[in-house]
């Protein structure tokens with residue numbers, strides 16, 4: 001029977017001499033209580049900054065290009081409250097996903113003293129990560145970016161500059177959900193804005209700008225001051241010129257469509273992974289299932305907390321995992 005590389009690697013790990021606890025230095029001293037988790041990765045920090053920039057750009061266009069100049073007060077207030085609330089929850093979820101320890105295994109604990117403290121019985125096996133020199137539990141994988149073994153690691157996401165693991169998967173799911181919702185909301189508002197303004201206001205203005213292309217500077221300046229108002233009221237469709245408004249809206253439309261597709265797919269993938277209780281790495285490697293199978297609802301509560309409540313949708317509510325299984329090093 002041919003063994004896969006993963007099985008051969010596990011066989012090597014089972015050899016007593018593989019652990020070599022004398023090669024591991026004592027684990028570093030724990031940081032101060034409440035210390036913030038943050039990964040110092042240049043690519044991840046840049047991606048996180050781009051994420052915030054794109055959300056703030058969408059905020060700027062929605063408020064100052066579409067809602068503030070609108071003559072419909074109720075339309076502006078309702079859509080402004082909904083969009084800002086969803087954007088706030090998206091950014092809050094992003095911060096929680098980025099600054100929460102995803103479930104890192106204590107680094108450098110594969111020492112002789114720690115192994116002896118486990119009081120292993122004959123035949124019991126422990127696994128050691130040769131990269132971070134830690135005794136890792138089942139379903140933990142090493143992340144080359146975080147340089148730690150992460151419990152139930154799904155993947156490392158540069159957009160949140162962190163791994164998605166046991167402790168922060170809820171926040172990552174909420175982040176993808178809220179980004180998809182604000183992207184959909186922005187697309188709907190852009191569509192209504194084009195239908196309302198292009199027919200009533202911009203057609204005449206763009207034609208006038210085209211006809212004035214060869215006119216003098218004084219004529220173009222006077223044209224800007226004589227822009228026809230909306231039929232529905234004195235307010236204009238935008239505080240910016242028609243070409244600038246069109247460019248801003250097209251960029252927002254492209255951004256919203258791209259992120260709507262990306263985050264919707266990621267949200268569906270994460271929910272499927274939670275319901276099946278199988279991480280992305282385990283699906284990719286097709287690892288043998290060695291843990292108890294639970295119902296989909298139990299798996300959802302294991303990630304979002306016990307019991308079901310409105311806190312599931314809040315990035316500020318830390319999930320209560322209930323009576324979790326003991327932290328097992330032994331397979």
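Quick reminder: no glycine exception, Cβ is built from N, Cα and C everywhere.
Predicted automatically and left uncurated, TrEMBL annotations should be read as such.
What you see is a predicted model, and the numbers here were worked out from it, not measured in a lab.
Some features that TrEMBL has for this protein:
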type: DOMAIN; residues: 128-286; note: domain 'Palmitoyltransferase DHHC'
type: TRANSMEM; residues: 45-67; note: transmembrane segment
type: TRANSMEM; residues: 73-92; note: transmembrane segment
type: TRANSMEM; residues: 171-195; note: transmembrane segment
type: TRANSMEM; residues: 246-267; note: transmembrane segment
Considering the transmembrane segment (171-195), which listed stretch of 45-67, 73-92, 246-267 counts the most C-beta pairs under 8 Å = 246-267
Model confidence over the domain 'Palmitoyltransferase DHHC' (128-286), as mean pLDDT, sits at 81
